[in-house]
Each structure stands twice: as structure tokens, then as C-alpha cells.
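Structure, as C-alpha cells:
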Amino acid sequence: MSSKVEYKPIQPHEEAENHFLQHELHKVKARKYYRCALVVAIIITLVFCILASQLLLFPFLSITSQTTETVLNKDIRCDDQCRFVLVESIPEGLVYDANSTINPSIFQSWMNIITNAKSSIDIASFYWSLTNEDTQTKEPSAHQGELILQELLNLKQRGVSLRVAVNPPDSPIRSKDISALKDRGADVRVVDMPKLTDGILHTKFWVVDNEHFYIGSANMDWRSLTQVKELGATIYNCSCLAQDLKKIFEAYWILGLPNATLPSPWPANYSTPYNKDTPMQVMLNSTASQVYLSSSPPPLSATGRTDDLQSIMNIIDDAKKFVYISVMDYSPTEEFSHPRRYWPEIDNHLRKAVYERNVNVRLLISCWKNSRPSMFTFLRSLAALHSNTSHYNIEVKIFVVPATEAQKKIPYARVNHNKYMVTDRVAYIGTSNWSGDYFINTAGSALVVNQTQSAGTSDTIQMQLQTVFERDWNSNYSLTFNTLSSWKEKCIF
């Protein structure tokens with residue numbers, strides 16, 4: 001028997017319910033769709049707002065990044081034919097043997113670049129005391145400093161602009177030269193390094209016409225020309241290097257604005273492609289040279305700039321035969337910190353060079369009435385490494401500038417103020433004393449020159465600086481440290 005299949009027609013109320021369910025299902029799907037669309041729209045809006053905010057708040061962010069990359073990828077070759085002149089101030093009464101090398105004077109170098117300036121002079125300085133009035137003396141030897149000041153005062157009428165970045169003066173007397181310059185049209189900015197880094201602006205350099213420059217140990221002080229032993233370098237016709245040094249000046253200049261703060265990072269226009277890893281390839285005195293400028297402290301160094309301490313340690317580590325150092329102060333401490341802090345960075349690298357590589361290390365350190373007694377304790381520690389049994393090649397001498405009774409009365413004079421180092425590979429001319437404070441929070445700078453590729457040349461800059469060091473080391477003013485029963489016997493007038 002076949003079964004019957006009955007088909008029940010859908011009742012009207014069932015059909016309505018089915019339509020209702022389908023309608024509700026479409027509504028649920030629609031709500032989900034609209035919710036998803038709303039979420040996507042909100043996300044897109046937020047992203048757009050963030051991007052718009054960045055463009056409004058940091059309009060140069062992407063440009064700065066691209067510019068920095070462009071600066072750092074710049075060709076490190078320079079086509080300038082630069083002329084390098086090693087310059088010195090030899091204090092009156094300090095006389096070398098007849099055959100000794102005497103370099104051109106810092107005074108004559110400054111006069112040359114002032115009188116030949118065509119458009120601009122920028123000077124980064126610690127303080128100004130170019131006249132007898134500044135030091136409350138009546139010294140005929142102040143004449144050179146007074147001439148320098150007069151030439152600088154006359155720049156405006158020659159159409160030459162003068163900018164001066166200077167540390168805050170510590171007394172009204174130290175403000176007189178600056179006030180006179182401002183009255184004659186110079187632009188002066190006081191860089192409040194004590195507030196910015198808890199240090200000082202200790203650097204000493206000039207940039208002239210973006211083409212020539214001086215860098216070295218001499219302050220803007222008449223005593224630095226006739227009563228203090230100084231060393232520096234003047235480089236002529238070298239726009240590549242001059243403009244790179246000017247970037248360091250511009251950093252000081254911007255920090256001299258009211259309520260200035262340290263930028264982090266520095267904008268791209270302060271960056272440099274020239275450093276210890278990629279030095280500038282340039283001709284100095286017709287000799288192929290690798291050159292860069294270092295700076296301290298680290299917060300003042302823009303992208304690409306080698307920090308001054310890193311430069312010094314790298315030069316020591318790079319030496320193969322010898323490291324000769326001539327500085328006023330040497331101490332593995334932070335001299336001005338409270339509480340006291342030990343700071344062995346440079347000291348460790350010197351000991352390592354002696355012990356591991358048998359490098360010959362010589363330190364020629366200044367000795368005068370303002371020397372810190374603690375410095376000699378640390379120097380004795382270095383000198384103790386040298387003995388007939390150890391065969392470690394490290395020697396320490398102190399340099400004493402002689403003084404007459406009249407010269408003893410000149411304040412803060414009669415001292416070897418040099419701040420340089422020379423190795424078998426590199427010449428380093430700086431502006432800082434060698435203790436921790438000068439590299440941690442004090443502004444300084446240095447010129448680093450390597451002419452090793454031209455080892456056959458008889459007059460490389462390394463050789464010139466080595467000659468100066470050996471002249472001083474072998475002079476009657478240099479005393480073997482181990483033979484001194486008391487540093488006070490020789491240093492205190």
C-alpha cells in the first residue's frame with residue numbers, strides 16, 4: 001500500500017512570522033554592519049587627527065630627519081687648499097736654546113685674521129680681559145691685548161660684523177671689554193652654562209669670514225699673549241672646516257638666547273658628517289689630511305659630532321709608538337664636584353696603552369701657585385709605573401714658567417696653559433684641561449689632524465707638534481717629577 005504524503009499549506013500567521021524573522025535578521029545584520037562601519041570611521045578619524053596634530057606641532061619633523069640623513073651622507077672630501085699654521089705665545093723672560101723651534105705668535109695670528117676680515121668674525125670665549133684696567137695692573141706687556149681690543153672695536157666701521165659668545169662674567173671688571181664691544185656695534189650673547197649644564201663656556205676659537213679660524217688654549221686676555229705660555233692653530237682658506245666649526249659656534253649662539261634650553265636632539269643644521277669615523281679628507285699645507293672637530297660636553301654635540309672625551313680616548317687607543325701630552329691640569333677626578341668623584345677614563349686608557357701595547361707615554365704638566373695638591377698625588381701614581389724592572393714606558397715631568405719679582409705680582413700668569421696631545425699618528429689641539437668636569441659639563445672643542453698617509457713628508461703637523469713637545473720636554477723649564485721632594489718648592493712663588 002502506498003503511503004500518502006500530505007502537504008499542509010502554510011498558514012497565514014506562520015507566513016507572517018517567517019517574514020518577521022527574516023526582517024529582524026536583516027536588521028541585526030544591518031546593525032552589525034553600521035557598528036563596524038562606525039568603528040572603522042572612528043579609527044580613520046583618530047589616525048587623521050594624530051597625523052594632523054603631528055604636522056601642526058612638529059611641522060619640520062620629517063624634513064629634519066631627511067635633512068639629517070642628507071648631512072650625514074655628505075661627501076667627506078673637501079677641495080679647499082688649506083693652510084695650517086701652528087702658533088704660540090711664549091711668556092716674556094722664557095728663553096729657549098738658540099737652535100730651538102719658535103712658531104709664529106698668537107698675537108700676530110689674531111692681528112692677521114682681524115685686519116684681513118672682510119665680512120664677519122665670530123668668537124667663542126671664556127672671558128675677556130684685554131687691558132690693564134681689566135686686571136688692575138700697569139703692565140707694559142698688556143699692550144698687545146689692548147691692540148687686539150682696539151682692532152675689534154673698529155670692525156663695525158669697516159663693515160665687518162662681530163659676534164661674541166661668552167660665559168657669564170664673574171665680576172663687573174670682566175664685563176668692561178664686552179660692554180665696550182657692544183657699544184661699538186658687536187652682537188654679544190652670554191651663554192648661561194652654569195644653568196644649562198652646571199659647567200662653564202671654556203672654549204676658545206674664532207671663525208672669520210666662514211673661511212679662516214683659530215682654535216687653541218689662549219683666552220681673550222692680554223696675559224695669554226705675553227705672560228702665559230699658549231698653543232693653538234690658525235687655519236686659512238679652509239671654508240669646509242671653518243663652516244663646520246661655525247656649527248659649534250651657532251650652538252653656543254642659540255643657547256645665548258633668554259631662557260634657552262638644551263634641545264634633544266639638536267636640529268639637523270647643527271649636524272656634521274665629519275667625526276672620528278668619517279673625518280674630512282682635505283689638503284693641509286699641500287699634504288693629504290684627515291681632520292675633524294670634536295666638542296664637549298655631550299649634550300652640546302649634535303648628530304655626527306665626536307664628543308671630545310671620546311676623541312681623546314680614541315687617539316690614545318690608536319697610538320702605535322708614543323703619546324705625548326702637554327696640559328695645564330691633569331687629574332682623574334671631577335675637580336669641582338660635591339661630593340668628590342673619581343674619574344679614571346683617560347687615566348685608564350693611558351695605563352692600558354703602556355701595559356698592553358708598550359706605547360711610550362709622556363705627560364708634561366704645568367706647575368704654578370694655583371696647582372691643586374691632589375693632582376700631584378695622581379701624577380706620582382702614573383710616574384710610579386716607570387722603573388728599571390717594569391720596563392713600562394711612562395714618564396711625567398712638570399713645566400715651570402720662571403717669573404721675576406714684578407711678574408710674580410701679575411695675577412693668574414706665568415704658567416704653561418697648553419692643551420694638546422701628539423702621537424705617532426695624530427695631532428690634537430684642544431681648549432680643555434684634563435679632568436672630568438671639562439668633559440662632563442663644560443663646553444670645549446678641539447681640532448684633530450691625522451697625516452699618517454703622508455708619513456714620508458718631513459713637515460707634517462704631527463711632526464711640528466712633536467717638535468714643540470720635545471723642545472719643552474728637554475728644556476731647563478721641565479723638571480723630572482720623581483726628583484721633586486715637594487712640588488711646592490718649585491711651583492709656589
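For all residues, glycine too, the Cβ spot is worked out from N, Cα and C.
Per Swiss-Prot, the features are as follows:
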- 1-37: topological domain 'Cytoplasmic' (TOPO_DOM)
- 38-58: transmembrane segment (TRANSMEM)
- 59-493: topological domain 'Lumenal' (TOPO_DOM)
- Asn99: N-linked glycosylation site (CARBOHYD)
- 197-224: domain 'PLD phosphodiesterase 1' (DOMAIN)
- His202: active site (ACT_SITE)
- Lys204: active site (ACT_SITE)
- Asp209: active site (ACT_SITE)
- Asn237: N-linked glycosylation site (CARBOHYD)
- Asn259: N-linked glycosylation site (CARBOHYD)
- Asn269: N-linked glycosylation site (CARBOHYD)
- Asn285: N-linked glycosylation site (CARBOHYD)
- Asn388: N-linked glycosylation site (CARBOHYD)
- 412-438: domain 'PLD phosphodiesterase 2' (DOMAIN)
- His417: active site (ACT_SITE)
- Lys419: active site (ACT_SITE)
- Asp424: active site (ACT_SITE)
- Asn433: N-linked glycosylation site (CARBOHYD)
- Asn450: N-linked glycosylation site (CARBOHYD)
- Asn476: N-linked glycosylation site (CARBOHYD)
Determine which residues of the chain contact the domain 'PLD phosphodiesterase 1' (197-224) at the Cβ level, with the cut-off under 8 Å and only residues 6 or more beyond its ends counted.
87, 89, 106, 109-110, 113-114, 116-132, 134-135, 139, 141-146, 148, 165-167, 177, 191, 230-239, 241-243, 245-246, 248-249, 252, 262, 297, 299-300, 328, 410, 412-413, 417-420, 429-432, 437-438, 440-447
Rounded to a whole number, how many Å is the Cα of His202 (active site) away from the Cα of Asn433 (N-linked glycosylation site)?
9
Expressed to the nearest Å, what is the distance separating Asn388 (N-linked glycosylation site) and Asn99 (N-linked glycosylation site) at their Cα atoms?
32
Of the recorded positions listed as Asn259, Asn269, Lys419, Asn433, Asn476, the one whose CA lies nearest the CA of Asp209 (active site):
Asn269
Candidates Lys204, His417, Lys419, Asp424 (active-site residues) with Cα within 10 Å of Asn433 (N-linked glycosylation site):
His417, Lys419
Using a 10 Å cut-off, grab the number of neighbouring Cβ atoms around the Cβ of His202 (active site), all chains included.
23
Roughly how many Å separate the Cα of Lys204 (active site) from that of Asn285 (N-linked glycosylation site), to the nearest whole number?
23
Within a 10 Å radius of its Cβ, which of these glycosylation sites (Asn269, Asn388, Asn476) has the fewest neighbouring Cβ atoms?
Asn388
Most crowded position, judged by CB atoms within 10 A, among Asn237, Asn259, Asn433 as glycosylation sites:
Asn433
Would you mind ranking the glycosylation sites Asn99, Asn450 by how many other Cβ atoms sit within 10 Å of each Cβ and giving me the lowest?
Asn99
I'd like the Cβ neighbour count for Asp209 (active site), meaning other Cβ atoms within 10 Å of its Cβ, all protein chains included.
17
For His417 (active site), which residues of its chain lie six or more apart in sequence with Cβ-Cβ distance below 8 Å?
Ser217, Ala218, Ser224, Val228, Lys229, Glu230, Met328, Ser366
Non-local Cβ contacts of Asp424 (active site) (under 8 Å, 6 or more apart, same chain)?
Ala319, Lys320, Lys321, Phe322, Gln462
Would you count the other C-beta atoms found within 10 angstroms of the C-beta of Lys419 (active site) for me?
27
